[in-house]
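Notes follow once the structure below has been shown.
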Amino acid sequence: MAKGEWKRSGADDLQLSGRSECEVFDDGTNTFFWRAHTLTVLFILTCALVYVTLLEETPQDTAYNTKRGIVASILVFLCFGVTQAKDGPFTRPHPAYWRFWLCVSVVYELFLIFILFQTVHDGRQFMKYIDPKLGVPLPERDYGGNCLIYDPGNPADPFHNIWDKMDGFVPAHFLGWYIKTLMIRDWWMCMIISVMFEFLEYSLEHQLPNFSECWWDHWIMDVLLCNGLGIYCGMKTLGWLSMKPYQWQGLWHIPTYKGKIKRIAFQFTPYSWVKFEWRPASNLRRWLAVLGIIFMFLLAELNTFYLKFVLWMPPEHYLVLLRLVFFVNVGGVAMREIYDFMDDPKFHKKLGQQAWIVATITVTEFLIVVKYDPNTIMLPIPFFVTQCWILGIVLILIWTLWRFFIRDITLRYKETRRRRQEGSSDRDRVPGHADGSNTASSGRSKLNGSMDTVRQRKS
């Protein structure tokens, strides 16, 4: 981009692709912070390997050397990926940041593939190499039980059931849905996913005790308070980001310290903004894409609970938190790539790299759950729950057939019939005009004849 150039991306492209995109001004400053530094990274990496090879004595501990070699291999791969991988759609705070998480995605997928190819016992015991406290079966906490909001049997603290639910997962729910709203950028989709997951918890509480919660915990604390408040704050943030001016200027070109601090803070905001307009009912392709996104979101949410159940990880373990942090960083990029692929398939001819690897990770996690504990997965669902899900699926299929097949055929038939009627009426109208002209001419001739008769009588 030339220095001081306005990048017009909204009004010019809106008519072509229907995208709602903002205008960006960038003065084109390219500082040390934005350069590739491929030779610098290569030099530092080579020096580190030379030091380990020539100056450091290798320990005689096989397990320690194995762990160290695996970590070193991962670090070398990350160095290569951060400097050489292809950039994604995000450039703030730095493209290398998003390249780093892309490489972490590949490493995590390879780890999942390794776990998938182990036996159940070996896979669970392998987790001890990461943390010696793992590999031991842990009981799941039951969130159900006494569901009285006001418990008269406990006069000292009648609201103890509510206070017991106020743990660290309450702010985690709020923060998680705030970030998911920034990823999806649509209020309706967020609310549908939020409500659908509560129905999934109702349906699967016979498999995982963790899903057994009180009714007010499902609909008041989760849907209305935590999830609803997170979605509301996320939509407000989206509104601010859509109205924010995107004018980027080099730090050294800003004269005041206040402006420099503001510029540093805005470095952690998007470079530009694209408003997601999913429009699922516009055509069958977008409708199936939205259904697929909702399905993958729900599957990833379920994997969070089932993975720690089958791998014997307590909910408060740092690996569970690291997985959530991982999906926070890769989910936004994946959603943007999915939207670009769905909204403008002529320009984006293939699915983005981050979206591809995230979908693969989600499926692999589910396969690990199926392999490691098929008995839990195959527990029969209660009959009335099965009836509800069958009814919902049938209604979705009926609406899909009506909206994209029956309705379109009916509209085309009505349009064809209307055009035929208009054509036939036009053909009938042409002879009618001729008869009218003949009638008018004959009327005039009769009138002339009667006038001649009157003149003869007068004469």
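Including glycine, each Cβ sits where the backbone N, Cα and C put it.
Annotated features in TrEMBL:
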COMPBIAS  421-432  compositional bias 'Basic and acidic residues'
COMPBIAS  436-453  compositional bias 'Polar residues'
REGION    418-459  region 'Disordered'
TRANSMEM  32-54  transmembrane segment
TRANSMEM  66-85  transmembrane segment
TRANSMEM  97-117  transmembrane segment
TRANSMEM  187-204  transmembrane segment
TRANSMEM  216-235  transmembrane segment
TRANSMEM  287-306  transmembrane segment
TRANSMEM  318-335  transmembrane segment
TRANSMEM  355-372  transmembrane segment
TRANSMEM  384-405  transmembrane segment
> Can you find at least 3 Cβ pairs under 8 Å between the transmembrane segment (97-117) and the transmembrane segment (187-204), where each pair is 6 or more residues apart in sequence?
Replying inline: no
> Taking contact to mean three or more C-beta pairs under 8 angstroms, with sequence separation of 6 or more, is the transmembrane segment (355-372) in contact with the transmembrane segment (384-405)?
Replying inline: no
> Which one, 66-85, 187-204, 216-235, 318-335, has the most C-beta pairs under 8 Å toward the transmembrane segment (287-306)?
Replying inline: 187-204
